[in-house]
Amino acid sequence: MNNFNLHTPTRILFGKGAIAGLREQIPHDARVLITYGGGSVKKTGVLDQVLDALKGMDVLEFGGIEPNPAYETLMNAVKLVREQKVTFLLAVGGGSVLDGTKFIAAAANYPENIDPWHILQTGGKEIKSAIPMGCVLTLPATGSESNAGAVISRKTTGDKQAFHSAHVQPVFAVLDPVYTYTLPPRQVANGVVDAFVHTVEQYVTKPVDAKIQDRFAEGILLTLIEDGPKALKEPENYDVRANVMWAATQALNGLIGAGVPQDWATHMLGHELTAMHGLDHAQTLAIVLPALWNEKRDTKRAKLLQYAERVWNITEGSDDERIDAAIAATRNFFEQLGVPTHLSDYGLDGSSIPALLKKLEEHGMTQLGENHDITLDVSRRIYEAAR
């Protein structure tokens, strides 16, 4: 096991009616900006519950944050925060709203003579402070509710980049599984795929004898395999929704990634597909992951075989046959959730691969993976295999 420094300071308020504890998490004299997306939180009544919980407090609203939060939209919120002297941000929604709010939190305190896109260009390394934020989660997927990362898009340049900073880690997160009952099936399926791939990005790498982290990861994967499809069939099954919600949080709160090698190449290749073609984040992960595993089967051999046996109970055949079966089982799981796994399924013929590689190069994504050996040439082969 590698050395690690783990700090997970987000307070989690989990369960039915957890919103009741919201008010006491926010300073009583705060000027609060509630951020949300396209309006589903209004239709479902979640926003009304939040406003009721904060009745009597100084509250402003900012809606319209996109599924891939856009820098251009978020800068309008930054302007509002600065003008209105907002002192606390409350994100109400899924990972995109949370990620966008993290950017707002950091950008509002960024030096005014520097374009806040610099936050993405430097990966968040130069963030010195941020407005504190909390969240009310309505879509389990990204784990953004209890981590320090965010991904932001810039429409005008076709960029989608990530940043990390402890300054934007949510102070608290309200997780009520009931809020997920009304999610459209596509978002439920995407959330399961996202959480699944977050887990394997930290698990299917190379062995370092980290038994606790491995078994935590396997537990998350088995739970998603068991309850992910049930969440689609039984949308108001509280226990199923609770398990999926908690699995997504655990997949990316730092716990399973502590002391182990991490990959993240699937995410980097996927970000370029979203930025260029507008695919859902989870759709890009489902496209890239099986192709990447097939390409990197030799360097990932030990963990792919462990994954095959412990997650899919595949124990017969040669090493390569078991790896083939594990990749096929993963692809089949995504497909059964309704998330196709080839570029052609989305009407893409691969003609944009040179442009995708150019963007990877522009963003410095030329030595990806846990071994830093996924070069542009390897990325090209992965994209080609995903057609």
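Glycine too: its Cβ is placed from the backbone N, Cα and C atoms.
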Annotated companion of Asp194, His198, His267 at the Zn(2+) site, Swiss-Prot, chosen from His277, His281: His281
Residue in Thr87, Thr138 which Swiss-Prot records at the NADP(+) site where Gly38, Ser40, Asn68, Gly95, Ser96, Asp99, Asn147, Gly149, Lys160, Tyr179, Thr182 also bind: Thr138
Three-state secondary structure, Gly149 (NADP(+) binding site) (per DSSP): strand
CB within-chain contacts under 8 A for Asn68 (NADP(+) binding site), separation at least 6: Ser96, Val151, Ser153, Lys160, Thr274, Ala275, Gly278, His281
